[in-house]
Amino acid sequence: MSPTILTIIVSSLAAGTIITMTSHHWLMAWIGLEINTMAIIPIISSTHNPRSTEAATKYFLTQAAASATILFSSMINAWQTGTWDITNLSFLPSSILLTLALAMKLGLAPTHFWLPEVLQGSTLTSAMIITTWQKLAPMALIYLTINNLSTTVLMLMGLLSSIIGGWGGINQTQTRKIMAYSSIAHLGWMITISSIMTSIMIINLVVYLMMTTAVFLTLISSKSKTMQDTTTTWTLSPALTVMMAILLLSLGGLPPLTGFLPKWLILEELLTQNQAPIAIALALSSLLSLFFYLRLTYTTTLTLSPNTPQTTFKWRFKPHLLTTLTMITTMTSIFLLPMAPLITL
């Protein structure tokens, strides 16, 4: 892809998200989502093979259906209330349709089936964009309309997503599919807390974006597409191997690391609101996710690839990609827990 085309696509991608996040009119929000979808399609299908074309088609169909549902829900709301204001979503069928559409956009259960397939068909870089940047616009719409969405439906969808995200990832060997199920599980936690306290949802979203970006950047650096590929990471860089292992444990939410912060805050808030059964179910579902993170950590650090000749270290040329972003996201994804009192103020 030529630099000019890439610049246009990336700027359109950014512009679409920013338009949606800053709009108060439903039509502008919909336009932003459409620009965003149109910009990501060439990025997904840039490798020109049948798998990526299939992934781009699946992504387009699901996102177009979700955008159309958002437009339809806003139209019937405007028909009933006489206003196109995003925060004034008072008509019940509109809020139900919007919840369904945003769940489809984010990849929340039960409309999550497209996410693992699309990620598996695209490159690691495209997968990183889909699981991080593409979540911002729908989350912004949830934040704006949260007072009019059903708390029960959101909590049930969040709980179902965290269970399916943990269960689905257990049997996977492809790193992109593991990250897809990880994304579903994390979004489940966010949606569960969204109707109770939006500030914790935003903290969770920021931490999730940092951790997922860091993991994808390490996977891109080591070119690890399957679990077997991760066994040779140490030949590329032992430091990267250690960082990757700690990052995966942080994603799992183990206590001394950053990933524990959102889980801790969410469970604490749910218990404060007398939602102990949901808190227990979420905590148990996170054990399912932790299992496949631990398995990936084990293959990365404690196993060697079954090579007949002795494995030698690879030549350490200057990296093709800039490692500055990897370094910043990795450090924040590991060491941010002591900052919790400042973050939660």
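Cβ atoms here come from the backbone N, Cα and C positions, even for glycine.
Quick caveat, the model's predicted, so the values are computed rather than measured.
Annotation source TrEMBL lists domain 'NADH:quinone oxidoreductase/Mrp antiporter transmembrane' at 23-288.
According to TrEMBL, the transmembrane segment annotation covers 59-79 (among others).
According to TrEMBL, the transmembrane segment annotation covers 91-115 (among others).
What TrEMBL records for 152-171 (among others) is transmembrane segment.
Taken from TrEMBL, the feature transmembrane segment covers 178-196 (among others). Same-chain neighbours of the transmembrane segment (178-196): 106-109, 112, 115-116, 118-120, 127, 131, 135, 139, 142-143, 146, 149, 151, 154-155, 157-166, 168-169, 172, 204-205, 208, 212, 215-216, 219, 227, 251, 262-263, 265-266, 269-270, 273, 275, 278, 282, 285-286, 289, 292-293, 296, counting only residues six or more beyond its ends whose CB sits under 8 Å from a CB of the stretch.
According to TrEMBL, the feature transmembrane segment maps to 202-221 (among others). Long-range contacts of the transmembrane segment (202-221) within its own chain (CB-CB distance under 8 A, at least 6 residues past either end) are made by residues 124-125, 127-128, 131-132, 135, 139, 143, 175, 179, 182-183, 186-187, 189-190, 193, 236-237, 240, 243-244, 247-248, 250-251, 258-259, 261-262, 265-266, 319, 321, 323, 325-326, 329-330, 332-333, 336, 343-344.
For 233-254 (among others), the entry in TrEMBL reads transmembrane segment. Residues 182, 211-212, 214-215, 218-219, 221-222, 224, 260, 262-263, 286, 289-290, 293-294, 296-297, 300-301, 311-314, 316, 330, 333-334 of the same chain sit 6 or more residues outside the transmembrane segment (233-254) yet have a Cβ under 8 Å from a Cβ within it.
Annotation comment: TrEMBL describes 274-294 (among others) as transmembrane segment.
What TrEMBL records for 290-343 is domain 'NADH dehydrogenase subunit 2 C-terminal'.
For 321-343 (among others), the entry in TrEMBL reads transmembrane segment.
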With a Cβ cut-off under 8 Å, give me the same-chain residues at least six positions beyond the ends of the transmembrane segment (321-343) that come close to it.
203, 207, 210-211, 213-214, 217-218, 220-221, 243, 246-247, 250, 255-261, 264
